[in-house]
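Asks: Not my notes, these are from TrEMBL:
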type	residues	note
TRANSMEM	12-31	transmembrane segment
DOMAIN	25-409	domain 'Ammonium transporter AmtB-like'
TRANSMEM	65-83	transmembrane segment
TRANSMEM	90-113	transmembrane segment
TRANSMEM	125-143	transmembrane segment
TRANSMEM	150-169	transmembrane segment
TRANSMEM	181-199	transmembrane segment
TRANSMEM	220-237	transmembrane segment
TRANSMEM	308-326	transmembrane segment
TRANSMEM	347-370	transmembrane segment
TRANSMEM	390-410	transmembrane segment
Amino acid sequence: MSEHAAASRLRLSGLCFLLQILLILLFALLVRYSPEGSPGPCPPQLNCSRRSPDSAFQQPRIQDVHVQVLLSFGLLVAFLSRYGPGSAAISILITAFSIQWAVLIQGLLYFFLNGKIYVGARSMVSADLCTAAVLISTGAVLGRVNPVQMLLLALLEVTLCTLNEYILLTLMGVSDSGGSLTIHTFGAYFGLMVSRVLYQPHKDRRKREEQQDKGHQMDVLAVVGTIYLWIFWPSFTSTTTAHHSAENWAVLNTYFSLVASTMSTFVLSPLLYEEGTPRMVQIQDATLAGLAMMGMAGEMLLTPFGALIAGFLVGLISSLGFRFFTPVLHSRLKVQDTCGVHNTHGLPGVLGALLGTLLTLLATADTFGYRLELVFPLVAQGSRTVTDQAFIQLSALPLTLLLATLGGCFTG
């Protein structure tokens, strides 16, 4: 047993060494700082169209996204509360590698010019968002894969996640600034498919028995995780919106959805469980569902009461999913969803994409005003009708599910 443990440590050490040396070499050959971070004109070949005119605003935005990825996604939501400090170390390892790899892969598609990748604030935020999808996926398989396998999962998923994002946002012109499809849906179903391939019924039963005595610890950490979600997620949802005006819609809609989804937990939890008051883990899950719902629809014409309705409904659906669908997921579909990513990310991401499709049908100059060009530039230019844009928004959903499931199956 000790020889096996020593061999595992050597494999992890050797793989980390090789990957980091490879990344350093690739950065040395390809990566340079981008002129998009300077006040001067941006070369037309680079994708600087969505850079913020206020460079001072980028630094707190990057900080918010970093905090959201590391604490809310990586440590408190899915990892530390279930599997302790060891899993926290793994999540930091995955984050460190995924950010570097995403900068390279995304740079080849978005920021490549004259044989070089030009990185700036925009590329770092994009890498963080891609890392979030990887951390969502690892939440579905945590406890059944080792760190070496986690690194290989991140290597493949970052590549496929970037490809999916490029197809949707650049080639198809889909509006999904908050990542209902590119982050939540892709990350959740990629991880669920990996979990399905790695199905181990006896090991899963033993893990559930070991976790029965951790309820108090999970609730304490869920308090901290929920607070971080409330503080930082609106910035996370609005981080890629084009201008401050569109960003305000995303921030406000996210807050309205968040509070309504939290209220829905207090509606259903006393009816579904014996506890009179919902546990913090349940409140955290509902909060995540309401936030994921606003990924696509956040910057669209969603009125305050519309955001409240959407958040309230997705909170109810998520709570019912945990109570009734999760057991079916385990027993019938043979999917071991370790941290419940289907009900907190996958299903809300799908519902958010459907809501965004419906709201796209309202995208006219009379309803959106000058914001139409920010959210749907092709519609504003007249090269695409509202119906065509709505159809493309809807078709992006099965395409994302296809790439996520096939990629997850191959990775598993």
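From the backbone N, Cα and C atoms, a Cβ is placed for every residue, glycine too.
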Asks: So which residues does the transmembrane segment (308-326) touch in its own chain, when a touch means Cβ under 8 Å and the partner is 6 or more beyond its ends?
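Replies: Sequence-distant neighbours of the transmembrane segment (308-326): 256-265, 267-269, 272-273, 282, 285-286, 288-290, 292-294, 297, 302, 337, 340, 342-344, 347-348, 351-352, 355.
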Asks: I'm a bit unsure how to read this: which one of 90-113, 125-143, 150-169, 181-199, 347-370 has the highest number of Cβ pairs shorter than 8 Å with the transmembrane segment (12-31)?
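Replies: Most Cβ pairs under 8 Å with the transmembrane segment (12-31) come from 90-113.
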Asks: Could you give the residue numbers and ranges of same-chain residues that sit at least 6 residues beyond the transmembrane segment (347-370) on either side and whose C-beta is under 8 angstroms from one of its C-beta atoms?
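Replies: For the transmembrane segment (347-370), the list is 175-176, 178-181, 183-185, 188, 245, 288-290, 292-297, 300-302, 310, 314, 317-318, 321, 376, 379-380, 386-387, 389-390, 393-394, 396-397, 400.
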Asks: Output the single range from 90-113, 150-169, 181-199 maximising the number of Cβ pairs under 8 Å to the transmembrane segment (125-143).
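Replies: Out of the listed stretches, 181-199 contacts the transmembrane segment (125-143) most.
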